[in-house]
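*Asks:* Below is a structure I'd like to ask you about.
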Ligand code: BES
Ligand code: MN
Ligand code: ZN
């Protein structure tokens with residue numbers, strides 16, 4: 001798929017499809033009015049007959065409009081004009097993309113950025129349309145023996161602007177969204193791959209492949225013996241029941257001077273979570289192949305910023321292993337010593353994410369990071385609290401939380417700020433070690449974050465619990481690519497801020 005911005009009026013486009021919007025009540029957008037005039041009121045007549053109401057997310061595909069050189073014209077209903085919300089807009093362009101890619105159009109000109117929703121601008125519309133195009137065309141078919149029929153054909157998408165030239169904001173939005181789209185595809189593909197293929201070694205290979213494509217990315221992989229030397233007793237306690245070798249993958253992106261402190265992204269990379277000896281129930285256990293979506297989002301984000309060429313330094317750290325039951329697996333009650341020196345009583349081997357993250361977070365300090373963000377499918381409790389809409393956000397610094405929330409709002413990949421108060425910490429007290437790895441049923445997502453907070457006191461840190469947002473269950477089962485948009489936008493904003501003179 002290719003994207004560009006194209007100045008020019010809609011009635012002149014010799015294109016496979018010209019896409020214009022209509023509002024509820026039948027009012028035509030500016031581009032639709034131009035087409036209507038050029039086609040002797042063809043659009044107005046169709047609307048008068050009641051074939052297009054302009055209702056939100058409705059579409060009408062037309063062929064051979066009089067005096068219009070475009071092969072097709074696609075009308076998209078945006079809903080009520082004076083209260084157009086971002087959500088309404090996203091639903092509408094989602095519907096438009098589905099129809100567009102069901103046609104044989106090889107290229108299309110979209111006039112969908114001229115009526116932005118409240119509080120958004122044309123550049124935002126372009127970003128979201130690019131992501132909607134990626135979403136509509138995504139297929140995970142690499143493991144099917146026969147190719148799907150009616151697979152969307154590749155299409156050159158142009159964003160039409162009726163008058164004037166594209167501005168820098170629009171061009172930047174297009175480039176950034178394309179990179180985010182590519183990053184999300186990598187994140188989805190890795191998430192959807194099953195546990196027998198997407199092993200820790202596979203993730204390490206993917207990281208190495210990324211560094212081959214992008215000279216700005218350097219990769220190193222720590223093996224089990226390296227982790228032993230570093231004293232990562234907590235991480236190693238999770239992998240010890242598995243036959244797959246664990247990996248600690250480190251990706252260093254250099255986009256600025258060496259002296260600039262990096263932002264570190266730490267992603268949970270459990271390639272399959274059976275629960276270990278605290279075995280999970282069988283129903284839907286297959287979904288625990290998604291327990292490496294934090295890791296996949298770190299890889300997708302680093303690929304995106306390398307593609308953008310962001311002027312800052314970022315380190316990706318991915319602790320990766322399987323959580324399996326076996327004769328050598330960790331038992332409930334076992335006590336281990338983490339790299340930080342703190343001891344942990346493992347009361348439930350299914351609370352393994354925090355056990356691998358705590359050592360990775362201690363290791364992160366070695367890079368003297370300005371900020372550390374971990375991303376993890378950490379708790380079922382977070383899904384109960386926030387559903388599948390928002391990721392859970394925790395931070396030991398309020399401005400960092402605000403920056404992440406804002407990036408989520410900007411990209412419609414939202415997070416919700418959760419409390420990290422000391423009041424919850426006693427739930428982790430242990431009779432036999434410095435702490436235990438579970439805090440009881442109450443506030444399960446919060447106590448998991450509180451556990452991590454005990455390892456991140458020396459730097460500015462945030463934690464994203466993506467258990468509810470990283471994949472979809474049921475009929476549409478599949479990875480979502482979240483929170484790559486949030487993370488990339490956060491880093492883009494971060495790079496701009498540290499370069500501005502203020
Ligand atoms: N990977 C799971 C979290 C999870 C569960 C994500 C369901 C998405 C859907 C994590 O390792 C886990 O098992 N957490 C336990 C923690 C509990 C034992 C304290 C959980 O949430 O049940
Ligand atoms: Mn688990
Ligand atoms: Zn897990």
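Every residue gets a Cβ built from N, Cα and C, even glycine.
According to TrEMBL, the protein carries these features:
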| type | residues | note |
| --- | --- | --- |
| BINDING | 268, 273, 291, 352 | Mn(2+) 2 binding site |
| BINDING | 273, 350, 352 | Mn(2+) 1 binding site |
| ACT_SITE | 280 | active site |
| DOMAIN | 348-355 | domain 'Cytosol aminopeptidase' |
| ACT_SITE | 354 | active site |
*Asks:* Does anything in the same chain, at least 6 positions from residue 352 (Mn(2+) 2 binding site), have a Cβ under 8 Å from its Cβ, and if so what?
*Replies:* 238, 270, 273, 276, 323
*Asks:* Between the recorded positions 268, 280, 354, whose Cβ has more other Cβ atoms within 10 Å than any of the rest?
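*Replies:* Counting Cβ neighbours within 10 Å, the top one is 268.
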*Asks:* Near residue 354 (active site), which of the recorded positions 268, 280, 291 can be found within 10 Å, Cα to Cα?
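*Replies:* Near residue 354 (active site) by Cα: 268.
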*Asks:* If you count the other Cβ atoms within 10 Å of each Cβ, which of the binding-site residues 273, 291, 350 comes out on top?
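*Replies:* Output for this query is 291.
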*Asks:* Could you state the CA-to-CA distance between residue 350 (Mn(2+) 1 binding site) and residue 280 (active site) to the nearest Å?
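*Replies:* So the alpha carbons of residue 350 (Mn(2+) 1 binding site) and residue 280 (active site) sit roughly 8 Å from each other.
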*Asks:* Roughly how many Å separate the Cα of residue 291 (Mn(2+) 2 binding site) from that of residue 280 (active site), to the nearest whole number?
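*Replies:* Checking the Cα atoms of residue 291 (Mn(2+) 2 binding site) and residue 280 (active site) gives a distance of 13 Å.
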*Asks:* Could you tell me which of the recorded positions 268, 273, 280, 291, 350 have their C-beta within a distance under 6 angstroms of some atom of ligand 3?
*Replies:* 273, 291
*Asks:* Kindly assign residue 291 (Mn(2+) 2 binding site) to one of the three DSSP-derived states: helix, strand or coil.
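*Replies:* For residue 291 (Mn(2+) 2 binding site) - judged by DSSP and reduced to three states - the answer is helix.
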*Asks:* Can you name every residue in this chain, apart from 268, 273, 291, 352, with its Cβ inside 8 Å of the center of the Cβ atoms of the recorded Mn(2+) 2 site?
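*Replies:* Leaving out the recorded residues gives 270, 288, 292, 323, 353, 356, 376, 377.
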*Asks:* At the level of the C-alpha atoms, what whole-angstrom distance separates residue 268 (Mn(2+) 2 binding site) and residue 280 (active site)?
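*Replies:* Cα-Cα, rounded: 18 Å.
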*Asks:* Please report the DSSP secondary structure of residue 352 (Mn(2+) 2 binding site), reduced to three states.
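*Replies:* Reduced to three states, the DSSP call for residue 352 (Mn(2+) 2 binding site) is coil.
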*Asks:* Out of 268, 280, 354, which recorded positions lie by ligand 1, with a C-beta less than 6 Å from some atom of it?
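*Replies:* Checking each Cβ against ligand 1, none of them comes under 6 Å.
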*Asks:* List the recorded positions 268, 273, 280, 350, 352, 354 whose Cβ sits under 6 Å from any atom of ligand 2, in sequence order.
*Replies:* 273, 350, 352
*Asks:* Can you check what DSSP calls residue 280 (active site), collapsed to helix, strand or coil?
*Replies:* coil
